[in-house]
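Taken from TrEMBL, the feature domain 'F5/8 type C' applies to 30-176. Taken from TrEMBL, the feature domain 'Laminin G' applies to 182-351, 358-535, 783-948, 999-1190. If you look up TrEMBL, you'll see 537-574, 949-987 marked as domain 'EGF-like'. According to TrEMBL, the domain 'Fibrinogen C-terminal' annotation covers 573-625. Residues or ranges marked as disulfide bond in TrEMBL: Cys921-Cys948.
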Amino acid sequence: SMGDSIKNERGLLLLLFRTETPHYVLEYNCDDPLVSPLPSAALTSSSELFSTHSPSFAKLNRRDGAGGWSPLESNEQQWLQVDLGDRVEIVAVATQGRYGSSDWVTSYALMFSDTGRNWKQYRQDDAVWVFTGNSNADSVVHHKLLHSVKARFLRFIPLKWNVGGRIGLRVEVFGCSYKSDIADFDGRSSLLYRFNQKLMSTFKDVVSLKFKSMQGDGVLFHGEGQRGDYITLELQKGKLSFNSHTSVTLGSLLDDQHWHSVLIERFNKQVNFTVDKYTQHFRTKGDSDHLDIDYELSFGGIPVPGKPGTFQRKNFHGCIENLYYNGVNIIDLAKRRKPQIYTVGNVTFSCSEPQIVPITFVSASRSYLLLPGTAQIDGLSVSFQFRTWNKDGLLLFTELSENSGHLLVYLHGGRLMLLIQKETENPVEITEGTNLHDGLWHSVAINARRHRITLTLDNDAATASHATTVSRIYSGNSYYFGGCPDNFTDSQCLNPITAFQGCMRLIFIDNQPKDLILVQQGSLGNFSDLHIDLCGIKDRCLPNYCEHGGKCSQSWATFYCDCNNTGYMGATCHNSVYEQSCEAYRHQGKTSGFFYIDSDGSGPLGPLRVFCNMTEDKIWTAVQHNSTGLTRVQGAGPEKPYTMSFDYNSSAEQLEAVINSAENCEQEASYYCKKSREEPDSPYGMPFAWWVGRANEKHLYWGGSLPGIQQCACGLEESCLDMRYFCNCDADREEWTNDTGLLAFKDHLPVTQIVITDTNRSNSEAAWKIGPLRCYGDRQFWNAASFNTEASYLHFPTLHAEVSLDISFFFKTTAVSGVFLENLGIKDFIRIEISSPKEITFSIDVGNGPTEATVQSPTALNDNQWHYVRAERNLKQTSLQVDSLPKKVLEAPAEGHFRLQLNSQLFVGGTASRQKGFLGCIRSLHLNGQKLDLEERAKMTPGVKPGCPGHCSSYGNLCHNGGKCVEKYNGYFCDCTNSAYEGPFCKEEVSALFEAGTSVTYTFQEPYPVTKNASTSSSAIYVDAVVSKENIAFSFLTAHTPSLLLYINTYFHEYLAVILSKNGSLQVRYKLSKDGLLIFTIDSGNFANRELHHVKINREGRELVIQVDQVLKLKHNFSEIDFKAIKSLTLGKVTDSLSLDPEVSKANAYGFTGCLSSVQYNHIAPLKAALRHPSIAPVTVRGSLTQSNCASMMEADVNTATTTYSSSGVSCLEGIEEVRGRNSCTNPLICRGSTT
């Protein structure tokens, strides 16, 4: 029949016309006006002003009566309802005000229902959708629904109306008739679909259906085979579980008695599982690609074979519509009693729906429902069901009569508590259940007779709790549900906890059901802030907006993300805990070590553990793999090749991101061989060894060579052992040789595998070593653009960041104001600007009106120094951070629009309107972890220059201890030439161990440079110059006295000596031609106490200042001083000791035994020169001088747990290179035990 073909066709179209959005395109016209042909009685309302304003006059464009509907009172509790006669498909709505009046509605919501009960709010974008209404009485405002709705009843809920008038409304609804096949399952029935042959073996299955359920559990369909294959779709606790060797759960709150659509598409092992608008794609774990089902599929339950009326699991209780299995309309076959369908139990073909009225407690403080009861009954009986996400809330309060106290039932920490309180008696308390804030329906029954009270949870009589009261219990006459009214005094209602937010239904008092529609009409009880006849619960964790694996939990009003162990932080686990590169860590002043870096910041790639080597100007990032040692290979041939795969403990995408964001990368590759070749004999031959790189590509070039050339480094340099070959190993010699070099073409890295095939001949052997992946240079950290005119800007593609967004960059400017970046949508936009010299503003509109986060700085930000800005927006917060000033955080509204929809280009350094452009520099711009290449774009844009000079003004203070900041095109570096320290920030001490006879003598002769690149003027001290000042600084650690630490002498027999006396006090001795000998003693303790001490001796003209360990110890004024013609400076033992004073000579007998560190004399660093540039600096070293680290020696000395004991019973401290693996300890300072 025609009807059948439409049904079938439409059912199939459901499957065939799936589009990107989850609704289905049905190819026919569906825009008929549905209200105008209805009888007047089909329109009803909450109330009417006069009979002339009744809902029967509310059809669009009608002018009879008063020209439309107006309620008795204009408030948010009013509604206009349309009964469309049958379930129809609704695609659009239109509204007008009341004809010729000042009454119109400016915004409204829609609700729909199949039965006129249990309404559902129309939602779009996960929010209750608010439609824009009218702006006058007569023009029509038309809205197309994004998702069509199938319903019989529709309600218009006015939310706002014309300020000078009241609610006035005329409406039309557009759509078409909706044909469907429905089966009603009563919880004890099922339909079996029997196959034509015994076994159904399918590669491809498509199942589609819609269902509405009363219960949270029940089997929708099931099939199984004797070979162990099975497929099951089952409701479990309001979620839908699909099971076929792999279990996947989707959806939530599916027991809400509303229609939900399901689509399962299986092709081999790939499954697309869709519930409503959420889809999961996954692969099943079964053995084969096809699904073997025997005999039948059952819908609605799993009957037990041979036992009529019994089922394996809980059956589905509810209705199923348009059920198709591989194009077969199952319900249509059942209706027509076709032989393929076998019915178990009672299945009917219309949906019988219970008339249950749920209510929603909306407000966290004001909602309550008051219902009357019968007073003075001996005992009490109340029952109801509730569902909520909140752990706490008052469910019920009633004042018992005959002075028997009051009774409370409430949720506390997700547990159910019952409390009876009476002034003269101990309170009686019962606790039941856990985790009752799980969003599921829970039933509560309270029964009392005389002295005994019983609390039953979820109809489980076996676990019900009982308690006994001293007084008899008599029922009261008022029952408060969910909360108490504001005016406590009249109500006699107590709430020790917060109000309840959630849904309730099936309220019985004295065993009588309460009709909540009468409450809505005002003829029963009282209430405030309730939605009657709908349950407005929403799962805020579906979809899960916690990113990067954050765990979502929720209350009624919001959701929370637990970011523990994810490597991310923030309200939605959006921001990486880690920096994006080693360069960024260095910038925080960190030193070399293992770090996690997150190359794409807040993007999808996780963090990766790397070693950051920050000891030189180039910052190296190293990623280790599982096999960095030298590995020997024998017995491998073309038939049985040797392969080794490298595991970097990371994904290919993570490594690629590290490589792509670096300037250069390399991996050392060494191939050692003895009769084992690499390259083929002829250009067309098979190679004997190769390596595999990125994207599984095979490469035949080796370390030191270039891509595309089948050669080794020696081939390029023409230095191979045998000039006929391009690799040393190809000479095929009997003795070991090697081909070693760097693989440095970064697009081919990392090395993921090595293959060797030529070690199976006699006496043939190979060994290989592949080093870690090493990269340097962060291409983004210094990536900058200079905007030279206000009209200039860079543009990038539209920013796509609907639910979460982060933007970070550095800027420097001298301008008073300007826009850093802007992106517009039709209504939505984002903008970040410097709005005044001390103010940065982040503005955003996601459809609820603009939000502005502003950070005020105490100092001007237009000071031409680099400043950092980070703006973020997620579903919970909008925030702005500037430098290290306090972050500005604005909480987002719980309801309303939340998707940021932009469609124009992203403007950087300017705006779409060309107004308020930015003058200055922007650097290191990141959007959602993506790096924007400003330099590349700037090269092609007039008015914008790539790069931005001048980093030292901002970062010069990071160069310490006399290091000089030197500008580079992309950044800066610290020149430590004149510093006693080294390292990227001149902060790493240079220290050495001195033994009894060690001496380091620095001779002042003709001018010379300390290092090759140092300028002569800065490093030279002329012999005949009069030195007007001494700036001396050093640190020492020793256990020996007396000691000579430092000695400076002049050609005029003057000297300066620093010694430790026998008692451990510190002496500074000046011998001057005018003043004679001056001795300054600092005896504030024993300085030979194995601790590190810092000494500073500063003389400026006549004034001398001595500091020890940052404490001022002494000030002195010389009468006259001309310390001139300095000859040499000695650390440790002075070898030319003839001219020494007796006291100095006594100290010099021992020299210095211990650790000296970071010695500075004016702008000379003698110890650093001796250790780093002994060949070019005028330094003489006698005795043993070993590089060390004084600070770590002290830590080792304090923390004896790190002591390593050697075999001779002598302990040497770790961290001191002096030991060098010997079993004796040569340094008496740091040795303890038998040899000391």
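Positions of Cβ are set from backbone N, Cα and C atoms, glycine also.
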Same-chain residue ranges lying at least 6 outside the domain 'EGF-like' (949-987) that approach it to Cβ under 8 Å: 586-587, 589, 591, 614-617, 619, 781-783, 812, 864-866, 1010-1011, 1013-1014, 1018-1019, 1033-1034, 1158-1160, 1163-1165, 1167-1168, 1172
Per-residue pLDDT averaged over the domain 'Laminin G' (182-351), given as an integer: 89
Structural state census, the domain 'EGF-like' (949-987) (DSSP three-state): 7 helix, 12 strand, 20 coil
Residues from the same chain, set at least six apart from the ends of the domain 'EGF-like' (537-574), whose C-beta lies under 8 A from its own: 126, 251-253, 256, 278, 360, 364, 387-391, 439, 501-503, 596, 598, 602, 606-607, 803-804, 806, 872, 874-877, 894
For the domain 'Fibrinogen C-terminal' (573-625), residues assigned helix / strand / coil by DSSP: 6 helix, 17 strand, 30 coil
Candidates 30-176, 358-535, 999-1190; stretch with most C-beta pairs under 8 Å toward the domain 'Laminin G' (783-948): 30-176
Per-state residue totals over the domain 'F5/8 type C' (30-176) - DSSP helix, strand, coil: 9 helix, 71 strand, 67 coil
Contact check, the domain 'F5/8 type C' (30-176) vs the domain 'Laminin G' (358-535), 3+ Cβ pairs under 8 Å, seq sep 6+: yes
Which same-chain residues, if any, lie at least 6 apart from Cys948 (disulfide bond) yet have Cβ under 8 Å of it: Ala784, Ala785, Ser786, Lys812, Cys921, Arg923
